[in-house]
Amino acid sequence: MAVLNRCCCCLKIRTGSLVTGIFFLAIAIIDLILRAVGLGNVPGVLAGGIVFDIIFAIMCILLIVGVLKDIKWFCLAWVIYAVVYLIILLILAIVYTVMTVAEYIDDDKGVSLGAMIGGLVISWLIVTIVVSFIVYCVLCVYSHYQNLRDGIVEGDVTVTRTEAKA
């Protein structure tokens, strides 16, 4: 049984999964363009991001094809990649927090404790919103995967399998 029956309260799971693939493909392409333009600034950091965005774009294309052609493994591949992305995002947020606090402790540039905490709170609010959105999209796509696995098309029509009895 699927985790969700509808995506965003009104879309069918299949449609929500397709929208998810298209949305994140657009984000990956925009991020690729922004990173490519800034490649001359910090090559090591941006090059790693470009590789990550290329892989993400490929996974989004697989998701779109998987939804359109009912290929459950393509949908599952996107789910796995999105979960890995979430883990990396959370690790980076924690590292950023630790580095910010360590820099505050070691540095005496006059940054107030309130400003540092305020910056971290805003950063964590953004991370929380992004993570929540991605988790919801993962649940939507995973629900579509479950529907495909169970032979349910569009959440309304069930495809039954008959097996020959010996």
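Each Cβ is built from the backbone N, Cα and C atoms, and glycine gets one as well.
Note: TrEMBL annotation is automatic and uncurated.
Among the features that TrEMBL reports, transmembrane segment is placed at 21-39 (among others).
Look at TrEMBL and you will find 45-68 (among others) tagged as transmembrane segment.
Residues or ranges marked as transmembrane segment in TrEMBL: 75-99 (among others). Taking Cβ pairs closer than 8 Å, the transmembrane segment (75-99) reaches residues 17, 21, 55-56, 59-60, 62-63, 66-67, 120, 123-124, 127, 130-131, 134-135, 137-138, 141-142, 144-145, 148 in its own chain, all 6 or more past its ends.
Counting same-chain residues at least six beyond the ends of the transmembrane segment (111-139), those with a Cβ under 8 angstroms from any Cβ of the stretch are 3-4, 20, 23-24, 79, 82-83, 85-86, 89-90, 93, 96-97, 100-101, 104. Taken from TrEMBL, the feature transmembrane segment applies to 111-139 (among others).
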Distal contacts, the transmembrane segment (21-39) - CB-CB under 8 A, six or more residues away: 46-47, 49-50, 53-54, 56-57, 60-61, 63-64, 67, 78, 137, 141
Contact set, same chain, for the transmembrane segment (45-68): CB under 8 Å, 6 or more residues outside the stretch: 14, 17-18, 20-22, 24-25, 28-29, 31-32, 35-36, 38-39, 74-75, 77-78, 81-82, 85, 141, 144
